[in-house]
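Data first, discussion second: the structure below is written as structure tokens.
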Amino acid sequence: MSTMSSSFQSFGVKARNVVVVVIYLLCLSNQVQADLGLLYAQNDKDSTSSGLFCVAYNPGFHELPKTREEALREPFLDLMPQILCEDGTFPNMHSKCVAVQRGNCTFSEKARIVQGHQGRTALVVSKEQNLDQPSAANKSDYDSISIAVAVIRHNDYKQIKTLGSNLSVWLYSPDGPKVDYNMFIIWTLAVGTLVIGAEWSGRTKHKQRKKSRSSEEDVEGQRSEEEDDTFDLSPKVILIFVVLMCGMIVALYFLYDYLVYVLIGLFVIASSCGLYFCLEALMSKTSLGNCRIPPNNLPVFKYQPEIRAIILAIACLGLGIFWAIERKASYAWIFQDILGVAFCINMLKTVRLPHFMGCVILLGLLLLYDVFFVFITPLLTKSGDSIMVDVATGGSSRTGEQLPMVLKIPHLSTSEYTNVCPVLSPYSLLGFGDIIVPGLLVAYCYAFDLKVQSKRIYFISTTIAYGLGLIICFMALAFMEIGQPALLYLVPCTVGTTVVIGWARGELCHLWKGDLKTNGAPQNSIQEPDGEGTEGECHQDNLSEDETRTLLKHTA
């Protein structure tokens, strides 16, 4: 980064530290939607007065049929604005859909009263813009309550009232499209981002390794500019950050309405820095606009940074701020994806794992983290909901905000929900963590390829494994129809592929402990063949790179 002034270097290193913290929060991005259904309302005396409305329901109480033809007709009983938290004397509820006001008690209490009066559906009217899934107060409620429990927005309720006084409703939950073609776009973005980031990381590390050998005669302690912008993750640091991640998701579970804005602010800073460093790397290859500002005594600018660097920094930060202001606009996903891709690429270039052991520790712990917070926490919470799902969907948040650390692509396929459910996300989503976490392994494999001159076999193989793992995840999402922890598929594919290739080439020991640090000659863990040509033990002799390749050729 020869074109950057020392002041901008200092800014970059500080921004890097912020980015490193943010990345370990990105695995919170398993996006899950509440179960949605449709409510068809019709005037009994005038069939032309009808409408279709969106509801959220909980199949744990009662499943809805798939089509309107299979749905049962239910007379509509309006008890608004009653909250129905205490039993009493009410109009006849037998086999009716009963509309009540949300608040003051749980969904279970309202449903239990409706069921006690032989009602068929408890329709809870909510003034919130989001349709929250009506969860049970306790898991035992799913056994004792057998009627449908649904939530409808207050604006939709008012439209139902305009249809007349004698109404009947039908509730059903049609299937959406199994596969959306935008998955191909997401797959291409994810794999492309991973490849670019991993290659940039590997090449930078390889250059640093060469410079470290050629600069041994320089002043002791002097480091290259590129090295200042990198950060190696040791096993100890990995453990600390995973613990912080667990604490962060629990904090989000209880304080989502406040912390979501902190994460939005961090995303603006981190993604703007990522975009700057990506574009600066391209800009440094040209001489256009490389003049510097005049001498001055202003803070930061007294080092006379290049004018183009200042303009680029302002433009990148401006784009991040513009996204933050317009983040709920229909076109905001374009800017979020631009910022997100740049963020991921810069993260892969900045954060590195020094050995395969670190890769296995990181990916293994994050896999356990993903599975625990998706599948195990429902057994620990009173409502039976997973902490991951609650955080990803905003839970009981009143802000309507979502975590921004995802790639978003609009749906290309349509369904009955498309024009009826504005609360249904019109996007397919993929969390940054599902790109960066496996990408750190792929980046290490690329650097290892360059070190041992293996014709990119590790890099190409793990990239293919990542792409296949992502396809398997998409297939599981389509057939299971619930949000999937992508690392459950990506980690076995990428780690397993690396292990198999390392074992087949006789390089597994060197791969496992092979230190790629830039402190002079690498601390190699070379597999030296024994007398009979079998795989020998690793040892820590500091060998030159030529000697390393010679030994590896004998073990191949």
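Each Cβ is built from the backbone N, Cα and C atoms, and glycine gets one as well.
Here TrEMBL gives transmembrane segment for one range in the set 13-33, 181-201: that range is 181-201. Secondary structure by DSSP for the domain 'PA' (85-159): 20 helix, 17 strand, 38 coil.
Sequence-distant contacts of the transmembrane segment (307-325) (same chain, at least 6 residues past either end, Cβ-Cβ under 8 Å): 3-5, 8, 264-265, 267-269, 271-273, 275-276, 279-280, 283, 288-293, 301, 332, 335-336, 338-339. When each of 181-201, 360-380, 427-446 is scored by its Cβ pairs under 8 Å to the transmembrane segment (331-348), the top-ranked stretch turns out to be 181-201.
Counting same-chain residues at least six beyond the ends of the transmembrane segment (427-446), those with a Cβ under 8 angstroms from any Cβ of the stretch are 23, 26-31, 180, 182-183, 186, 189-190, 193-195, 197-199, 201-203, 233, 333, 340, 343-344, 347-349, 351-353, 355-356, 359, 362-363, 366, 405-411, 456, 458-459, 461-463, 466, 469-470, 486-487, 490-491, 494-495, 498, 516.
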